[in-house]
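Asks: I'd like to ask you about the structure that follows.
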Amino acid sequence: RCVEVFYIYFRAGRVEEPYVSITKKRQMPKDGYSEEIEKEVGQAEGKLCTHRSAFSRASVIQAFLGSAPQLTLQLYICVLQQEITAARSIFMVLSLLSIVYGALRCNILAIKIKYDDYDVSVKPAAYLCIFLWRSFEIATRVTVLVLFSSVLQIWTLPVVLVNFFGFFFYPWILFWQSKSPFPENIEKALSRVGTTIVLCLLTFLYAGINMFCWSAVQVKLNDPDLINKSQNWYRLTVYYMLRFIENAFLLLMWYIYKTDIYLYVCAPLLVLQLLIGYCMAVLFMLVFYQFCHPCKKLFSSSISEGLLSCFKFFCFICKPPKSALLMDKTEVKSPENTDEACSSSKAIDSQKGNPHQSVSSNA
């Protein structure tokens with residue numbers, strides 16, 4: 001692909017192309033009005049766009065199936081050896097930048113896939129927010145996994161397998177619940193077995209991404225494009241809440257079972273820094289979706305409205321039902337009423353049982 005890209009690039013413009021294709025894109029709505037723009041795309045430009053999309057997807061695959069395990073392993077070795085060499089630190093920084101770049105490309109791909117009908121232009125502020133968001137999220141996640149695995153090696157594999165297979169089977173569970181027919185239009189040359197292998201590889205990559213960070217591209221097997229194009233704030237909120245709880249639990253286990261290699265480490269301060277770092281990632285994510293998203297005008301609801309509705313939903317779940325409250329109130333009031341009833345009944349009985357005493361007292 002690289003050789004073909006350079007060949008096409010240097011030959012572009014020298015020979016007149018026999019035909020061009022016309023693409024139609026809509027501008028972002030301004031004052032409720034969206035204008036449609038037609039653009040001529042030549043064969044060379046179309047092929048370059050195809051290769052660029054392939055490179056973007058390859059960078060995502062390389063980041064989460066190559067650089068992410070490599071960064072985790074290198075940091076684990078540094079922790080056990082209590083030494084960080086210059087060469088190893090350089091490789092870890094390059095691996096972290098590779099993962100962040102892959103996550104950034106994943107965000108841009110998700111935006112372009114969801115809003116394919118629009119002419120999307122991403123501003124530098126959006127790139128900066130995504131970079132900071134992904135940097136804090138991935139760095140804290142890898143550090144938490146390494147700290148936990150350094151003291152509880154036996155439980156590392158169950159934690160990794162539960163995370164991985166949970167995200168691997170989640171799209172398949174949704175597909176089986178929808179009772180949709182098996183997708184046949186992925187590639188005409190593929191058989192049913194080949195299509196199944198392709199879908200398994202896609203969900204494998206999806207699980208690998210969600211192991212370390214939120215996957216901006218949500219897999220939906222019953223969709224013709226295999227991508228969920230709707231913006232689901234509930235799923236986003238649930239993911240980050242559960243991930244924060246999981247990170248806090250893993251850090252708590254590390255704090256309880258930490259060994260002598262962390263003798264000169266201020267454990268409470270490190271735990272606090274990692275939790276604050278993850279909160280910083282969530283903060284930059286909120287800033288991106290609220291202010292810097294290139295297609296925020298197309299949202300049916302903003303991130304603030306979505307989070308507010310999520311919090312109302314969780315408060316409604318946690319709030320006890322009214323029937324229980326009424327039962328509690330009646331139980332609280334019933335002893336007082338019974339005491340008053342007993343006292344009144346005693347007074348009536350005393351008046352009925354001693355009529356002569358009341359007459360004599362009146363006399």
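Cβ coordinates are placed from backbone N, Cα and C, and glycine is handled just like the others.
Got these off TrEMBL a minute ago, pasting:
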- 340-363: compositional bias 'Polar residues' (COMPBIAS)
- 335-363: region 'Disordered' (REGION)
- 86-104: transmembrane segment (TRANSMEM)
- 154-175: transmembrane segment (TRANSMEM)
- 196-217: transmembrane segment (TRANSMEM)
- 237-257: transmembrane segment (TRANSMEM)
- 269-291: transmembrane segment (TRANSMEM)
Asks: Relative to the transmembrane segment (237-257), which of 86-104, 154-175, 196-217, 269-291 accounts for the most Cβ pairs at distances under 8 Å?
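Replies: Maximum Cβ contact count belongs to 269-291.
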Asks: With Cβ-Cβ distances below 8 Å as the criterion, list the same-chain residues six or more beyond the ends of the transmembrane segment (154-175) that contact it, or say none.
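Replies: Cβ under 8 Å, 6 or more out: 145, 148, 203-204, 206-208, 210-211, 219-222, 250, 253.
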Asks: With a Cβ cut-off under 8 Å, give me the same-chain residues at least six positions beyond the ends of the transmembrane segment (86-104) that come close to it.
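Replies: Residues packing against the transmembrane segment (86-104) from afar: 59-64, 66-68, 70-71, 74-75, 77-78, 127, 130-131, 134-135, 137-139, 142, 209, 212-213, 216.
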Asks: What parts of the chain pack near the transmembrane segment (196-217), using Cβ distances under 8 Å and only residues at least 6 beyond its ends?
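Replies: Answer is 60-61, 64-65, 68, 99, 103, 106-107, 109-111, 113, 134, 137-138, 141-142, 160, 163-169, 171-172, 183, 186-187, 190, 226-227, 236, 239-240, 285.
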Asks: Any residues 6+ beyond the ends of the transmembrane segment (269-291) with a Cβ under 8 Å from its own?
Replies: 125-126, 129-130, 132-137, 139-141, 143-144, 214, 240, 243-244, 247-248, 251-252, 255, 302-304, 307
